[in-house]
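Colleague: So that we are looking at the same thing, I have put the structure below in structure tokens.
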Amino acid sequence: MNVYDGERMAEIMADQGLTATDDANAADLVVLNTCHIREKATEKVYSDIGRLRKHGADPLIAVAGCVAQAEGAEIVRRAKVDVVVGPQAYHNLPDLVARAARGEAALDTDMPVDLKFGHLPPRRRVAPSAFLTVQEGCDKFCTYCVVPYTRGAEVSRGWVQVVDEAKALVDAGAKEITLLGQNVNAWDDDGRGLHDLIAALADIAGLHRIRYTTSHPNDMAQGLIEAHRDIEKLMPFLHLPVQSGSDRILKAMNRSHTRDSYLRLLDRVRAVRPDIALSGDFIVGFPGETEADFAETLSLVDAVGHSQAFSFKYSPRPGTPAAGMADQVAAEVMDERLQRLQAALNRDQAAFNAASVGRRCTVLMERKGKLPGQLIGKSPWLQSVHVIGEAAIGDLVDVGITAAGPNSVTGTILEQPHGSEDEVFKRARLDVAA
Ligand code: 5AD
Ligand code: SF4
């Protein structure tokens, strides 16, 4: 979501006549869009500010995002910054920058109920795979997590607004849209759920692929599960964080699902879409996690067989219930558990990639690779696919997967680029079924 927010802030400032530069020394304004989820991300902001101020140039510095929201005026006390703007207030960036340029205080961490989106400029040019925020905030209050405090309560953007922005993204060059939200599958508008929205977006000609992230297990409605069977354009990939495989720890985390309810949910998804690629998030070293709890996480990993996943050491966040819990786990123990978990996840990712050798699928070409003539795109299962051949960025190309590595696969182009994914995709599904 910070990528999406960053694009939007760049668009707002472009409307003010600013152009983007890769050279921080040449910049009049540097916007640091920040993350508060773990301590390391937060501390990075201060080292980045220090580095920027060390250079000869003296740009205006704006701190945006969740660190701005959480720390507010404290940032101005700790570092020399000119603007502090929270994730729900960045539509006011031009005004804040103007105030800062006049030497006035410029801090806005309001969370207005009327969403910022109505105040943002239209989308003009985007990458073939574009993000679209449809939902923000979280009411789940997992005991380790700052998101409910920094992004605020769960809010859905309205149906018409989302459909209009999706059409604008397609007009601006998007072939694939990833719908974003901290709890994207909690999206609703007057009783209509995410699957209804996906069905409507699938009717947009020129939009070939739809994805969504991140989902909460408890908001995984039957309609959304069935959308994975019924809507061709919805890609066979599901990122569904589980965090731990131990019921005791899940309870302490306030996750409101169990190991078993999570696994049964995945069974239901796999029943309608056998080739679905599964991803997740894991935390090791939550307060009180024993070796036996951690063993449960490893056995859950074995049971699922993820195509990819993210794993983190628990990081105590100020103001969250878990930060004050007894039995904080020692750093060395966390390090060692993270290593074992990542070894298991890497093993499964490599196995997933290896199993896709021989598959045929469409790949959306997203960027140039390092080798001459090489392009990198994504398979329906969100694998990075390296191809050498006659294709351009933004093409959907029919590819046969020929080799697999730990983090990506290699393919050869089977046909010239074409506009419609549906036919090829149907064939790919038949191939997989066979
Ligand atoms: N410490 C470590 N990881 C965290 N996450 C959220 N809060 C914390 C924390 N305090 C992880 C969760 C979540 C992902 C976005 O970040 O796994 O799903
Ligand atoms: Fe944080 Fe996700 Fe839990 Fe919400 S559901 S509190 S965003 S981990």
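Even glycines carry a Cβ here, placed using N, Cα and C.
Curation plays no part in TrEMBL annotations; they are all automatic predictions.
Positions annotated as domain 'MTTase N-terminal' by TrEMBL: 1-102. Look at TrEMBL and you will find 124-351 tagged as domain 'Radical SAM core'. As annotated by TrEMBL, [4Fe-4S] cluster binding site applies to Cys138, Cys142, Cys145. Residues or ranges marked as domain 'TRAM' in TrEMBL: 354-415.
Describe the structural context of these features.
Modeller: Residues near Cys142 ([4Fe-4S] cluster binding site) in space but far in sequence (CB under 8 A, at least 6 apart, same chain), listed by position: Gln243, Met253, Asn254, Arg255.
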Colleague: Just checking: which of the binding-site residues Cys138, Cys142, Cys145 have a C-beta under 6 Å from ligand 1?
Modeller: Cys145
Colleague: Excluding Cys138, Cys142, Cys145 themselves, which residues in that chain have a Cβ inside 8 Å of the centre of the Cβ atoms defining the [4Fe-4S] cluster site?
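Modeller: Those within range, site residues removed, are Lys140, Phe141, Tyr144, Val146, Val147, Pro148, Gln182.
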Colleague: What are the sequence-distant neighbours of Cys145 ([4Fe-4S] cluster binding site), meaning same chain, six or more residues apart, C-beta distance under 8 angstroms?
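Modeller: Ile37, Cys138, Arg317, Thr320 - these are the non-local Cβ neighbours of Cys145 ([4Fe-4S] cluster binding site), listed in sequence order.
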Colleague: DSSP on the domain 'TRAM' (354-415): how many residues come out helix, how many strand, how many coil?
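Modeller: Output for the domain 'TRAM' (354-415) reads 2 helix, 34 strand, 26 coil.
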